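Novice: Sequence annotations record features per position, and here Swiss-Prot assigns transmembrane segment to 19-39, 40-60, 70-89, 94-116, 123-143, 215-235, 242-262, 266-286, 300-320, 321-341 based on sequence analysis. Marked as FMN phosphoryl threonine by Swiss-Prot: Thr186.
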Amino acid sequence: MFKIASSPHSHSGKLTARIMLWVILAMLPAIFAQLYYFGFGVLFQITIAVVFALCLEFLVTILRKKPKLFYISDFSVTLTALILAVAIPPYAPYWIILIGIFCAVILGKHVYGGLGQNPFNPAMVGYVVLLVSFPMQMTTWLAPVQLLHEPPTFIDAYHLIFSGGTTDGFSLHQLTASIDGMSSATPLDAVKTGLKANRGLAEINRSPLFTQSSLAGLGWFQVNLAFLLGGLFLVWKRIIHWQIPTALLITVCLFSLCSWLFSDNMPSPLWQLFSGATMFCAFFIATDPVTASITPKGKLVFGVLVGLLLCLIRFYGGYPDGAAFAILLANICVPLIDQYTRPRVTGYDLRGKN
């Protein structure tokens, strides 16, 4: 069972709704960056996710005979929907986000009793279910609109998501057919696939996805930078603690530094920090106050564990990015981490004797 630290206790004065709103506000720069580089599909995914999540939350509270307004007005389900919506490919079919939200809200949250009682991050539960069940849809990304000869319009985005093709009859794959095939993959996927095909890193970096950006791939670097700025804002506002993102990013940096120094075909540590979901994971997912460690030392251990698992899966696993799996695996370890990192009670030594 989870344990509560010994008194005295202090109240932070921060309401759940206020915390959630600050986090949503901090995500806006990254959402705008994603919208600029990856098109209008982002808006559709967010709208579908938030509306369906609120409706599902309303229905579940009725079935569980819980206060409906109380659960919806804390914005927790809105944040869950927002996190999942920006994590999936912007032009994924509409039913992908519907299934993901259902799994996040039901399997990731209410099965365990609701907010505050779930051991796993709900958004990552939904994401992993989607990634394992629908790998093709979850790994097909449209190239940044700056690389496309005819970027999808708002109407095209609607038709791509709801019918699988634009008004002119082009599918998602056909939109990137005139560009190097690497451009339809994420930078992490492009590098991993290229290395498996015995292509050198220098050759991979000549792809249009990399030539128009100095670091980590066009669009992806900018989105990660926006998440970093939003995360630093949350640390400054004391909405999240500094230990988890700091420990996570240092671990990723050190792990990638060792790989980079001993191999010419490994991207630099800076590349690893600003690619994939690294910054998103460090500041907005791993810092979930419900599913992360609650002790000061435990937060450091938790951050290191997430960073280590992320790198192991990213470098040696079958998936290009291991953020979601790293979070869920680390969530399993939280009770054990908290058990062995509890602060010493005032007036007692480490053995528990006064």
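Using the three backbone atoms N, Cα and C, a Cβ is placed for every residue, glycine included.
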Novice: Check the transmembrane segment (300-320) against the transmembrane segment (242-262) for contact, please; criterion is three or more CB pairs under 8 Å, pairs 6 or more apart in sequence.
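Specialist: Since 3 or more Cβ pairs under 8 Å link them, the transmembrane segment (300-320) and the transmembrane segment (242-262) do come into contact.
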Novice: Please identify the stretch among 19-39, 40-60, 70-89, 123-143, 242-262 with the greatest number of Cβ pairs below 8 Å relative to the transmembrane segment (321-341).
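Specialist: Against the transmembrane segment (321-341), the leading stretch is 123-143.
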Novice: Apart from its near flanks, which chain residues at least 6 from the ends of the transmembrane segment (70-89) lie with a Cβ under 8 angstroms of it?
Specialist: 16-17, 20-21, 23-24, 27, 30-31, 34, 41-42, 45-46, 48-50, 52-54, 56-58, 61, 96-97, 100-101, 104-105, 108-109, 114-115, 122-123, 126-127, 130, 137-142, 277, 280, 284-285, 324
Novice: By a Cβ-Cβ criterion of under 8 Å, what residues six or more beyond either terminus of the transmembrane segment (94-116) are in contact with it?
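Specialist: Same-chain contacts beyond the flanks: 16, 44-45, 48-49, 52-53, 56-57, 60, 64, 66, 71, 74, 76-77, 80-81, 84-85, 88, 122-127, 129-130, 133-134, 137-138, 161-162, 290.
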Novice: Find the member of 19-39, 40-60, 242-262, 266-286 that has more C-beta pairs under 8 Å to the transmembrane segment (215-235) than any other listed stretch.
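Specialist: Going through each listed stretch, the top one turns out to be 266-286.
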Novice: Taking DSSP three-state, what's Thr186 (FMN phosphoryl threonine) in: helix, strand or coil?
Specialist: coil
Novice: Hey, which bits of the same chain come close to the transmembrane segment (266-286), Cβ under 8 Å, at least six residues off its ends?
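Specialist: Sequence-distant neighbours of the transmembrane segment (266-286): 23, 26-27, 30, 83, 86-87, 121, 123-124, 186-188, 191, 201, 215-217, 220-221, 224-225, 227-228, 230-232, 234-235, 240, 244-245, 248-249, 252-254, 256-257, 259-260, 292, 302-303, 306, 310-311, 314, 320-321, 323-324, 326-327, 330.
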Novice: So if I exclude everything within five residues of the ends of the transmembrane segment (19-39), which remaining residues of that chain have a CB under 8 angstroms from its CBs? That is, six or more out.
Specialist: 46, 74-76, 78-79, 82-83, 86, 90-91, 141-142, 144-146, 151-152, 157, 218-219, 222-223, 225-227, 229-231, 233-234, 237, 239, 280, 283-284, 289
Novice: Sort out the sequence-distant neighbours of Thr186 (FMN phosphoryl threonine) for me: same chain, 6+ apart, CB within less than 8 Å of its CB, listed by position.
Specialist: Thr139, Trp141, Gly217, Trp220, Ser275, Gly276, Pro320, Asp321
